[in-house]
Amino acid sequence: MSQGDTVPLHPSSQSDIDEIENLINESVQSGPGTVLAARPPSPTRPSIPVSSSSSSSPFMQSNLPPLHPSSSAQKVTHVPVPPPLPAVSNSSNFQGASAFGSPPNTLTEPVWDTVKRDLSRIVSNLKLVVFPNPYREDPGKALRDWDLWGPFFFIVFLGLTLSWSASVKKSEVFAVAFALLAAGAVILTLNVLLLGGHIIFFQSLSLLGYCLFPLDVGAVICMLKDNVILKMVVVSVTLAWSSWAAYPFMSSAVNPRRKALALYPVFLMYVSVGFLIIAIN
């Protein structure tokens, strides 16, 4: 491109170029020893005051108590120790056997402790059945802890008393008395169950055996006093006593409309035992 083809610059651009050239020429003429003036320092900025005291703090105060790192880091919870259990005696073991729960272990106890426990149970059941008490109308409470040792003892004792009272054939008298009482108790229990009675089989045997206690007392008195009139009076009293002891338990076990069917055989068996006491001489 030739010089004739150049495009002229805008007046403002030409003035800027001229100003730049003038500044360059002035810097060259002034020489290298000239130092330009330094930029003035900027004004200091205001600083935020920081105080260590809590009263001049710009933040809002909290009502929460300060945390202690030592107590929060090592927090120990104290668990209360339960009191020791009281000592259990032998008498409490016997009471626990008749309540709900597992019975106490009696395999390692002395023989004398077992005998004492059985004797105390026999005496307790005898009081509940024969003698007046508030539980006579409730057979479930009266014979809850039933046993067969007491009835077995009263049956054997009555048979021995009758055999001692007999002058001849003592062994036959004992066999007849024992068979009559044992078979009679089983038959009477089956009779109550067939009538729809709500009673346990062995509980009924225990009840009928304990009700023989008055007849045992009457047999001992008749053995000591050989008098027919005295025998009749004693047997009548003891027969009524035994029937009175068995009445509430047997009557409450069956339907009220079948009460006579359950009580009549019981009364008949006790009457048979009474005739044996009077007849044996």
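For all residues, glycine too, the Cβ spot is worked out from N, Cα and C.
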On the question of membrane sidedness, does Swiss-Prot assign GLU172 and MET223 the same topological domain?
yes
Tertiary contacts of the topological domain 'Lumenal' (169-172), as residues 6+ beyond its ends and Cβ separation under 8 Å:
163
Considering every residue in the topological domain 'Cytoplasmic' (250-259), what is the mean pLDDT value?
86
